């Protein structure tokens with residue numbers, strides 16, 4: 001029977017998948033622009049202008065919309081911390097790896113995307129031109145996608161490993177039960193040894209009279 005800790009770890013997995021899916025969906029909304037900026041050459045000035053306008057709109061949106069993303073990321077971290085509470089040998093690898101990948105994604109977000117968002121608003125790209133700056137934003141988002149795909153892969157791998165372990169344990173228990181049942185059946189079918197006949201005093205006297 002599952003313990004309360006197992007239920008909490010299942011909740012943690014759900015929170016991680018929820019946060020990861022939200023971030024991937026948010027980045028997918030930019031894919032129509034990132035595709036042309038990264039994989040179409042040469043990049044037309046019209047596409048650069050459209051992409052800059054798109055990111056300018058996103059960077060200038062109300063602050064609470066940015067905080068929604070921050071809150072979702074906090075939910076993901078909460079899920080990881082729930083799962084690494086009282087860690088086992090299995091989730092040390094899978095959930096520890098997920099924590100590292102979450103931190104890497106946050107570093108990309110703060111160091112590349114947040115800085116680039118300010119450049120989109122102000123038009124100041126420092127030592128690079130606008131096209132290169134927007135391409136760096138797009139490339140950073142692709143890297144974040146790969147990082148979060150790694151998180152999903154680790155969570156899926158953990159689920160598969162737990163399922164395989166539970167299957168092996170159940171199989172071992174069935175084999176042990178069958179072996180015990182077979183041993184009990186063999187013991188029941190063995191012929192019992194003949195009990196020795198006890199000679200009583202009356203039997204001895206009868207035998208003497210016959211003589």
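Placed from the backbone N, Cα and C atoms, the Cβ positions cover glycine too.
Marked as compositional bias 'Low complexity' by TrEMBL: 177-186.
According to TrEMBL, the feature region 'Disordered' maps to 173-211.
Under the heading transmembrane segment, TrEMBL lists 12-33 (among others). Here the transmembrane segment (12-33) has Cβ contacts under 8 Å with residues 47, 50-51, 54-55, 58, 69, 72-73, 75-76, 78-83, 95, 98, 105, 138, 141, 144-145, 148-149, 151-152, 155, 158-159 of the same chain, all six or more residues outside its ends.
Listed by sequence, the residues of this chain that lie at least six past the ends of the transmembrane segment (64-85) yet keep a Cβ under 8 A from its Cβ atoms are 8-9, 11-16, 18-20, 22-23, 26, 91-92, 95-96, 98-99, 102, 106. The annotation transmembrane segment is assigned in TrEMBL to 64-85 (among others).
TrEMBL lists 92-112 (among others) with the feature transmembrane segment.
Under the heading transmembrane segment, TrEMBL lists 132-154 (among others).
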**Request:** Residue list, the transmembrane segment (132-154) vs rest of chain: Cβ under 8 Å, 6 or more residues beyond ends.
**Result:** 16-17, 20, 23-24, 27, 30, 33-34, 37-38, 43, 48, 51-52, 55, 94-95, 97-98, 101-102, 104-105, 108-109, 112-113, 116, 119-120, 125
**Message:** With helix taken as DSSP H, G or I, strand as E or B and everything else coil, how many residues of the compositional bias 'Low complexity' (177-186) land in each class?
**Reply:** 10 helix, 0 strand, 0 coil
